[in-house]
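Per Swiss-Prot, the feature Zn(2+) 1 binding site maps to Cys71, Cys73, Cys86, Cys89. What Swiss-Prot records for Cys810, Cys884, Cys891, Cys894 is Zn(2+) 2 binding site, and it gives sequence analysis as the kind of evidence. The region 'Disordered' annotation in Swiss-Prot covers 1379-1399. Swiss-Prot lists 1387-1399 with the feature compositional bias 'Pro residues'.
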Amino acid sequence: MNQEIMNLFNPTTPAQVFDQIRISIASPEKILSWSYGEIKKPETINYRTFKPERDGLFCARIFGPIKDYECLCGKYKRMKYKGIICEKCSVEVTLSRVRRERMGHIELAAPVAHIWFLKSLPSRIGLLLDMTLKDLERILYFEYYVVLEPGLTALKDRQLLSEDEYLKAQDEYGQDSFTAMIGAEAIRELLRGLELEKLEQTLRAEMQETDSDIKHKKLAKRLKIVEAFRHSGNKPEWMIMTVVPVIPPDLRPLVPLDGGRFATSDLNDLYRRVINRNNRLKRLMELRAPDIIIRNEKRMLQEAVDALFDNGRRGRVITGANKRPLKSLADMLKGKQGRFRQNLLGKRVDYSGRSVIVVGPELRLHQCGLPKKMALELFKPFIYSRLDAKGLSTTVKQAKKLVEKERPEVWDILDEVIREHPVLLNRAPTLHRLGIQAFEPVLIEGKAIQLHPLVCSAFNADFDGDQMAVHVPLSLEAQLEARVLMMSTNNILHPANGQPIIVPSQDIVLGLYYVSIMREGMPGQGMTFGNMAELEHALHAKAIHLHSKIKYRWEGMNEEGKIAKRWIETTAGRVMLGNLLPKHPRVTFEVINKLMTKREISGVIDQVYRHCGQKETVIFCDRIMALGFYNAFKAGISFGKDDMVVPAGKWKIVDTTRTLAKDFEQQYNDGLITHGEKYNKVVDAWSKASEEIAKEMMKEISVTKKTATGADADINSIYMMSHSGARGSPAQMRQLAGMRGLMAKPSGEIIETPIISNFKEGLSVLEYFNSTHGARKGLADTALKTANSGYLTRRLVDVAQDCIITQDDCGTHLGIKMRAIVDAGTLVASLGSRILGRVPCDDVRDPATNAVLVKAGTLMEESHIDAIQQAGVQEVKIRSALTCELVNGICKMCYGRDLARGTPVNHGEAVGVIAAQSIGEPGTQLTMRTFHIGGAAQLNEQSFVESNFEGKVVIRNKAIARNSEGHLIAMVRNMVVTIVDPDGTERATHRIQYGSRMHVDDGDMIKRGQRIAEWDPYTRPILTEAEGTIGFEDLTEGLSISETLDESTGIAKRVVIDWRGTRGGADLRPAIVIKGKDGKVLKLARGGDARYMLSVDAILSVDIGATVKPGDILARISTESAKTRDITGGLPRVAELFEARKPKDAAIIAEIAGTIRFGRDYKNKRRISIEPVDKTEEAREYLIPKGKHIHLQDGDIVEKGDFIVEGNPAPHDILAIKGIEELAAYLVNEIQEVYRLQGVLINDKHIEVIVRQMLQKIEVTDQGDTDMIAGEQVDKIEFDALNAKAQEEGKKPASGNPVLLGITKASLQTRSFFSAASFQETTRVLTEAAVNGKIDPLEGLKENVIVGRLIPAGTGASMARIREVALKRDKLILDEREKQAAIVPSQPEPQPLALPPAE
């Protein structure tokens, strides 16, 4: 201890070294051991002398001197008296800094409950004592007595008595016959009387006996807290305080303002209240005041202490003089302004500045322009030291003067200092790691920072007044990291998807597009040129045009690396572009011998990077930027009013659509269609019309016109801008020259009347008014979106922050299967794009020859992917973060390629944070609205399956019938069509919908692109399996069925209506039956009668007495009604998936494979059970609300995981029924869907990393012989450790299932309480951690930032690994010594110790 105290005064001593931090409840003895003295008076400082009052809140005797090495009365001054205590004022002569470290205490006259343990839910005191919070408060706030010892009276233990009852009982039983107390003393006695070991045994026994689920949960909660107290060494009575610690005075300062007033920290006010009330209570006790007065004073003391610890948690908030709530100790930690987030996780730093940015087109990619004034200020200390070294100044003062006068030699020295000293530029908001990059500064005049145009997209910067901050890395290590890791030239690829991020945009794209245009009939067409000089000469002489078709002799490089010449047909502009390409055999002229749009340019940069490396790419990018800017300026592209071409056929389309809309209106008025249908149809018609007009306009704009000479005319400027990807989109062009189209209301509904005019024609007043509606919502949305997206990113970072690459290989054989994603016949994501940069679990083989294409454990590069795709491999099983078996972090093999570098991932890479940033950063581009689907949006519903391969058709679970029309119809739900190669390899499998019309049969040969089956996506059929005549049951006109005549077609259709509401209809069970010749209901082959139950809204397709064949449709249920549901899209959907929330109308999923049986209806629910195929399992039963449509019939066979009721599946159900792999596939696909819609590319592995973090907990199903409690959620690591221990001791291990936690919940339940407390719900997290005596092993990033260390990632990880190796080696040596020591006694003479050599 003395050493520590001595270290306090030596500012150079290293900080205490520690590996972990433990938090627990402080006992009164502990608080006293921290304290340097008791505070007895509420006074702070004397207002005349400004000296602290003795024994007050700022007392110098307790907390230390105010001035360094000077006692209060001034008797002892200076260093020589260090450590002496002045006999006059009792102040120790030492540094005033101790006033930040020394604590005091207040001895309370009556015990007080700690509000965190009382009120923070669940109440810890309440759980331990098994009392409700209400009762506890009644005792604590002196309303009721509690019986501690009933003695021989009729009172019960822990019975509550009001004042009157207490007095009555005393009269009745006599004063000493029982003990009852009131207030915190009573609770303290109760807590002290708990025998935890006994209590634990009782609770475990009760849990074994109880059958009620609720009771079991309650007991488990209590048991958990009892165990926590037993194992942590905390005593329950410590939750009641007798001593309050007082924090050091310099952490709650009192600052004199001018005018004799003081500014003070709120804590001083709160402490003052506590001291005042405490002193008053002491005095009242000495005076033997009446009980009621003392009791009131005790209650007030309790309230004062409550307010000090957590103001406003109970009762009303205590406010200061200006009606502002006082900030208590808890508020100091909580929220964005609290200690954690404001000071520990984010700090303001020196050596930084900020200024407006302007474009710097003449900079190189690794440079930024730094204003001289800023540089001078930022590098001041460096300049001083250099001035001193050169002998230009002898003192700092002198150097300061030189710099202030800005002498010429200072500028020379600044140049020297800045050379090769990178600076960091940061643009807020820093949404991903590319928001901070390092550049070499170039000194410039002026006051604005110059930024290279190509890095703008990484910073998301533009030059409309954006500001950026500059930071100077000081130490050599920091400079090294800035240069090697953060230099803009080292960040060419986007960490989210591995695409180049240094991509030209806007003017540069337009210039490059213009250069690469080829036009027919330009001057000099067909001329040939041998080299660049000839070409430039001809261009200057205007003999040829930039766009003329010419022949050119191109010097490329062949595979051997030698120069190879060949003739190519191209244009002069493209040759200029081609000359910038680096020479490489793989990068040919064909790469740029086409029209360069933004996408093409990105592709070229990608190719150059993959083949020629980083340095060449950077040089190439700088060059094409210069070329692009120059040509954009030379081309002089601008646009006028006539460039917006209104298509000729516009009004014709508008008129037809108008008549259509009128027809729909008329049909609605005649009652043929509902309002909803009319709305959908009208909206549909108008959106089709505006699409058509847009097509027409694009056609007219994009066609190249001819001039009088027969040459191609200039391309339309607007089309050039949009087509090149420089600015504007077809949607914007449509509004300029087509028609503006439909507008949305703020609710997201679409207004039926469209805006027919475009901006060129101008809008009418009504149209303008309609359009303001949606536009205003758009702006409001953007503001909300930014906040929501930021919050999502914060939650993601928090859940994944401790996910780091820690080892090379975890050696697992598990993985997840990847296949191409196909939607409605179009390829959404190819297999290659999904497995690039991943590691296969097993050898990837050619399906035709069975040759190994990629060995297991190889990182798949582009070359491997080409081979895999050519061989036509359908599915590859790859290693994934989800299946990685490491305890801490993820291994290199399971992660694969580091997307930002294109190489295998490095040790210590913080992949969790990268994943969080990659998912969160595009969040601002996602939409916020929920789409109301109806009309146009459902036309892309998939309604057929076609084959992507040639081969033979094999049908599993076959059940096909030929219906009356002679078509083949699929009769079961689990039929699978497989396409097989001639040599028997499966190439593709398709699940066929029930009621589909089959185009192929078992054993047919099929061609690529041929349809296998098709179905009507808008209805669900009910098919007959038997041949016979139709009979109706319980189908009574007006009661359970109603007939409507469709006037437009003249056909009557009969619809089943809700029969339950009608009189006498409650017991009806409407159905269609198939009767045989004898008029009896037929029996089906699979068991049961040929009776088909009908649900509400089913439309009948047959009449009584009609004959039907198997496969004929008896009735259909329109899914149209289900389709116009709101689909949550954009950000809310992503958040919903990551939070693992249960969707509103969740699907019901079959938990086992089996046969459907309809049971007896239960109230207003239908009962369905599944008879399992596997007889060892028990049947499952589901209750389904009657309004929901069940598309299954009695006797249908379902597979495990099939939907019984349609809807969005709840992720928890998928995990429970189908397992982790299916869940991962579902989450990845659903999240990717949202991002794909916005055109954002994110690699699957990022989502997998987050999902891994969501699956860290296991729910114990059977505790075995371990200490775990059934139903509790345990960390995977803890679960495995406890099980391993149990197995070692020969006990029965526990079993459990993985649980899926939402990201917020997962963050709050991490192993590190520091990380959780700094995230959300700080008080709750800290309370729980303290009760459990939790230890934070400081493994993640956040915890280490909080305690002020290097993070264990990146360069900080290597230090951690070195330490680990050293510890292992030490352990080996110690073990060896112990072994030797054990052997020694049995031998006669002592042997020298043999030590292994140090590594």
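Glycine is no exception: its Cβ is also placed from the backbone N, Cα and C atoms.
Locations of recorded Swiss-Prot features on the structure.
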{"residue": "Cys71", "record": "Zn(2+) 1 binding site", "DSSP class": "coil"}
{"residue": "Cys86", "record": "Zn(2+) 1 binding site", "DSSP class": "coil"}
{"residue": "Cys810", "record": "Zn(2+) 2 binding site", "DSSP class": "coil"}
{"residue": "Cys884", "record": "Zn(2+) 2 binding site", "DSSP class": "coil"}
{"residue": "Cys891", "record": "Zn(2+) 2 binding site", "DSSP class": "strand"}
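The separation of Cys891 (Zn(2+) 2 binding site) from Cys86 (Zn(2+) 1 binding site), Cα to Cα, is 62 Å. For Cys891 (Zn(2+) 2 binding site), the nearest neighbour among the listed binding-site residues (Cys71, Cys73, Cys89), judged by C-alpha distance, is Cys71. Per Cα geometry, Cys71 is the residue among the binding-site residues Cys71, Cys73, Cys89 nearest to Cys884 (Zn(2+) 2 binding site). Using Cα positions, the member of the binding-site residues Cys71, Cys73, Cys89 nearest to Cys810 (Zn(2+) 2 binding site) is identified as Cys71. Around Cys894 (Zn(2+) 2 binding site), the C-beta neighbours below 8 angstroms that are at least 6 residues distant in the chain are Cys810, Thr812, Val839, Arg879, Ser880, Ala881, Thr883, Cys884. Each of Leu72, Gly74, Lys75, Tyr76, Glu87, Lys88, Ser90, Val91 belongs to the same chain as Cys71, Cys73, Cys86, Cys89, is absent from that list, and has a C-beta within 8 angstroms of the C-beta centroid marking the Zn(2+) 1 site. Taking each of the binding-site residues Cys810, Cys884 in turn and counting other Cβ atoms within 10 Å of its Cβ gives the largest count for Cys884. Those residues of the chain, other than Cys810, Cys884, Cys891, Cys894, with a C-beta within 8 angstroms of the mean position of the Zn(2+) 2 site C-beta atoms are Gln807, Asp809, Thr812, Arg879, Ala881, Thr883, Glu885, Leu886, Ile890, Lys892, Met893, Tyr895. Taking Cβ-Cβ distances under 8 Å and a sequence separation of 6 or more, the neighbours of Cys89 (Zn(2+) 1 binding site) in its chain are Ala60, Arg61, Cys71, Leu72, Cys73, Lys75. The binding-site residues under consideration are Cys71, Cys73, Cys86, Cys891. Their Cβ neighbour counts within 10 Å are lowest for Cys73.
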